[in-house]
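Annotated features in TrEMBL:
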DOMAIN    190-385  domain 'Glycosyltransferase 2-like'
TRANSMEM  43-69  transmembrane segment
TRANSMEM  357-387  transmembrane segment
TRANSMEM  399-426  transmembrane segment
TRANSMEM  482-502  transmembrane segment
TRANSMEM  508-531  transmembrane segment
Amino acid sequence: MAEVSAKSFIPESFPGSTGDIAGQIGLLWELIKAPLVVPLLRISVYICLAMSLMVFMERLYMGIVIILVKLFMKKPEKRYKWEPMRDDVEIGNAAFPLVLIQIPMFNEKEVYKISIGAACNLSWPADRFIIQVLDDSTDLVIKDMVEKECIRWASKGINIRYQIRETRGGYKAGALKEGLKRDYVKDCEYVVIFDADFRPEPDFLRRAVPFLMHNPDIALVQARWRFVNSNECLLTRMQEMSLDYHFTVEQEVGSSTHAFFGFNGTGGIWRIAAINEAGGWKDRTTVEDMDLAVRAGLKGWKFLYLGDLQVKSELPSTFKAFRFQQHRWSCGPANLFRKMVMDIATNKKVSLWKKFYVIYSFFFVRKIIAHMFTFFFYCVVLPLTILVPEVDVPKWGAIYIPCIITALNSVGTPRSFHLLFYWVLFENVMSFHRTKATIIGLLEAKRVNEWVVTEKLGDTLKNKSKAKAAPKKFRFKLGDRIQLHELGFAVFLFVCGCYDFLYGKNNYFIYLFLQVITFTIAGFGYVGTIIPS
């Protein structure tokens, strides 16, 4: 029998294309398209359509629930026991529980005075709260500034403690855990956490603490974030739209239906006994707040979200800071899901319905599927179907369901409705980073525990704009500004858009060219605030 080699099946040159490399590549493409590319792409379309239905049903469910909550459910003050804090003449300040206020910091030069000042001005008896500034700063100048600010407030009679550690072990979780070990904390019943850019209103404790005092099964009261710099640039407006939906819908639905949601890491007050019962702070992921919330929820503790209790904070306004934040917020939940899914499934203290909600809705759809669907469908699969017309995407999957999902996402920030289309394009760009981070978290790959503190600018730019005009030099680091992945996707989508314009029938090129512009803007770093050096 004659010896058969692989070369027998591949001709040295295709008929009519001698010397024509492009022609040979074209013919090779035709050879593999029907038996390989078309089936794989069709399967990818089916998977993406299934994911789109999952996201659609999740958004629809939450939309229906939030309408019912707003129309028929009583306010938290009516659903739970709540009485205003009153001064008691007989027992004096002893009527107020002792509260610990923790402010974790890391080189927060621009905002440290804001959070410390707001905490010190809370309307609560001075002898019934302790402020703990947990400073992990590596900049000695900043450490000295923060310490002096603490000394200044202490001289005014405020019980404020400045705490430092030898190492940053465990990052934020490690600092919070270390703070709870201090001897002067043992008499505290509750602990409030404010990040360095958070500025609570003076009545924060008077409105939140009564829920914990009169309802012993509540472990956490979470306030809503409001953003002082949402109008700074288009990047902050996009973030406001996403986070407003998270607070207006996701947190409210979780609180109203299951008394469970993810702790936002700041702007909330915990019952210390619940933290201890859940096992304390752990640094095994980059979302120590969500980790604690899930463990406390599995112990049977309830959480309460107060939408009308608002705390001002700052959004990251530079693209670099925003990307690092989104990596942490996407990688951490996926990694936590990997670590805890079996613990949740086998838990005996919570109902089957609540376990299904936590595993499927809270983790699987919102933290994993939503990112992957957005990226793979809009940035990969849909453009590829233009190059492979044999694979068809039904109109309901390509247009109708995405439009409904987008409309449901818009309820959080009505004032930004006119920015909705650009928000979709920007979210598609960011879905690449989120999907990559999600996969890293699921696989526990490199960067899974990467922790980069989100840079806060405070009034830096405002103060510099008031200074005398001078020739401005801008920071320009190639790695900070030029994003090769975004530029690569811009080229890919441009090719697909041109092909659709010339040969397509669905007019997808309109969307593709707009998406190309968005990827290009992000690729060259012209997103958010550019900081003068």
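Just so you know, glycine gets a Cβ as well, placed from its N, Cα and C.
Just going by CB pairs under 8 A, the stretch in 357-387, 399-426, 482-502, 508-531 that sits most against the transmembrane segment (43-69) is 357-387. Looking at which of 357-387, 482-502, 508-531 has the most CB pairs under 8 Å to the transmembrane segment (399-426), the answer is the stretch 508-531. Residues 379, 383-384, 386-387, 429, 432, 508-509, 512-513, 515-516, 519-520, 522-525 of the same chain, all 6+ positions outside the transmembrane segment (482-502), place their C-beta atoms under 8 angstroms from a C-beta of that stretch.
In the predicted structure, the domain 'Glycosyltransferase 2-like' (190-385) carries a mean pLDDT of 96.
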